[in-house]
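Enquirer: Below: one structure in structure tokens.
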Amino acid sequence: MKRSGEVIESFKEMALDWKVPDPTNRYCNLGVSEPTEIEYHQHCEPSNLCKIIWNLTECHSVVPPQPYYEACVASGCSKQHPSSECQSMQMYAALCGLHGVCVDWRRQAKGQCEAICAQDQVYKPCGEAKRNTCFSREVVANTLPSKNNTPVFVEGCYCPDGKILLNEHDGICVSACGCTAQDGSLKQPREAWEHDCQYCTCDEATLNVSCFPRPCAKSPPVSCTKVGFVRKIKPRLDDPCCTETVCECDIKTCIINKTTCDLGFQPVVAISEDGCCPIFSCIPKGVCVSEGVEFKPGAMVPKSSCEECVCTDEQDAATQTNRIHCVPVKCQTTCPQGFRYVEEEGQCCSRCQQVACVANFPSGNVTIEVGKTYKAPNDNCTQYTCTEIAGQFSLTSTVKVCLPFEESNCVPGTIDVTSDGCCKTCVDLPHKCKRNVKEQYIVHNNCKSAAPVPVPFCEGTCSTYSVYSFEASEMEHRCICCHEKRSHKAKVELVCSEHKRVHFTYVHVDECGCVETKCPKRRT
């Protein structure tokens, strides 16, 4: 359909009829191709989007809805262009706006045909056809036709209230028309300002910023006569936008004679009076010098082994270094315990040499000579020994561990200590219980071992006694017999005849000991 309402078959002719004559819009492309043939489906269910046309009753009297509804349904039923329903609805709304009727169909579409605008623009369903920009500013006329001065509404993206488009093509909205300065600020037309040593103005016609360098006064000629100074062009202190020629020190032009200082002296740098070049000289460091080594005041200075020398704060007028003060060495002849004063040839003072070990006890220190042992008075189980290997003295202690001791296993009156006084023991009685072995032939059921077999047995006496108990007021009896404590079964082969041999099992005693038994009651 053309703008006049005439329905034609050519899509290209229809599109070109709707083109707006705008010489400032260089982005309009005249290339329009004929659409491909749309495949229609007679039994397609109309979508709810197309049915919105019937809700726009305010426009039905100026734009008949039936052709556009059918076109919308056909677009929705097309397999090739299923998404063109929004375009059909947009076309109908555009015709309504052209006739001065505002319809907000996208709000009823529930997001199916959402309008997307730039970040600083907003969507308006019924905006003005005339869009002012900073360059047109109410000069551009309404190029869309209207009948009887009827207002024309066009949906689209517009600047928010209080803002205006900067130009036709960038889509930038500004609060006021002007030039954008280098720092991003807005300048009014014909406004002048200074930036980066340039005078800038805002052109009223183009709203472009034009700048030109700020003029500077010519600086007088300068001649540099001092040593090390050269001419340099630098920004003026009172006006950094302009330059001036000054004399400035450049150490690269100086001829520097570096001085090597002796020990005890350090180089210093001074500036010559007639220039800026450095002059090196040597001054005292305030230290002592001995044998090619520097020493700070208060430090010990190694000299003869018979003297103690220290660096002082006093300066020698002849050498300009600090004096060294020496005093004879005082020898220490008293040696600690375990050491002996030994004289050394060629030395002013001898030294203390270790000759024994020293053991520390609560009662005091004890000197133990090499190879000797020592026991503390209250500890007979610990023995201390002093050894010396390659001049290194070592004190070792040996602790004797006593076997478990039960006094009840001893006959009263037989408890004693070992010869070293460390452990308790029982005094052995004659014939104490012990394990003996005798060799004998084993005979059983007329069978006999081929050779004598060692058979262990237990014999001896144990601590059997009877003693009166004052606590129990009666005689206390204890019977302990010599018994086997550990044994196992052993086998031996017995010979019964020339053709018969048997195995015999007997008890082999491994360990004997005194085992307490119940004493029989005495009949009185």
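Backbone N, Cα and C atoms are what each Cβ position is placed from, and that goes for glycine too.
Automatic prediction, not curation, is the source of TrEMBL annotations.
Sharing the feature lines straight out of TrEMBL:
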type	residues	note
DOMAIN	179-248	domain 'VWFC'
DOMAIN	286-353	domain 'VWFC'
DOMAIN	426-520	domain 'CTCK'
DISULFID	CYS447-CYS496	disulfide bond
DISULFID	CYS458-CYS512	disulfide bond
DISULFID	CYS462-CYS514	disulfide bond
Enquirer: So for CYS447 (disulfide bond), how many other CB atoms are inside 10 Å of its CB?
Expert: 17
Enquirer: Determine the Cβ neighbour count for CYS496 (disulfide bond): the number of other Cβ atoms within 10 Å of its Cβ.
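Expert: Around CYS496 (disulfide bond), other Cβ atoms within 10 Å: 13.
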Enquirer: Enter the number of other CB atoms within 10 angstroms of the CB of CYS462 (disulfide bond).
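Expert: A count of 22.
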Enquirer: For the C-alpha pair, I'd like the distance in angstrom between CYS496 (disulfide bond) and CYS462 (disulfide bond), rounded off.
Expert: 41
Enquirer: Just jot down the residues in the same chain as CYS458 (disulfide bond), at least 6 apart in sequence, with C-beta under 8 A of its C-beta; none if empty.
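Expert: For CYS458 (disulfide bond), the qualifying residues are CYS433, LYS434, ARG435, ASN436, CYS482, HIS483, GLU484, VAL509, CYS512.
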Enquirer: Rounded to a whole number, how many Å is the Cα of CYS514 (disulfide bond) away from the Cα of CYS447 (disulfide bond)?
Expert: 34
Enquirer: Within 10 angstroms of the C-beta of CYS514 (disulfide bond), what count of other C-beta atoms is obtained when all protein chains are considered?
Expert: 19
Enquirer: Let me check the 10 A CB neighbour count of CYS512 (disulfide bond). How many other CB atoms are there?
Expert: 21
Enquirer: Whole-number answer please: how many Å between the C-alpha atoms of CYS447 (disulfide bond) and CYS462 (disulfide bond)?
Expert: 37
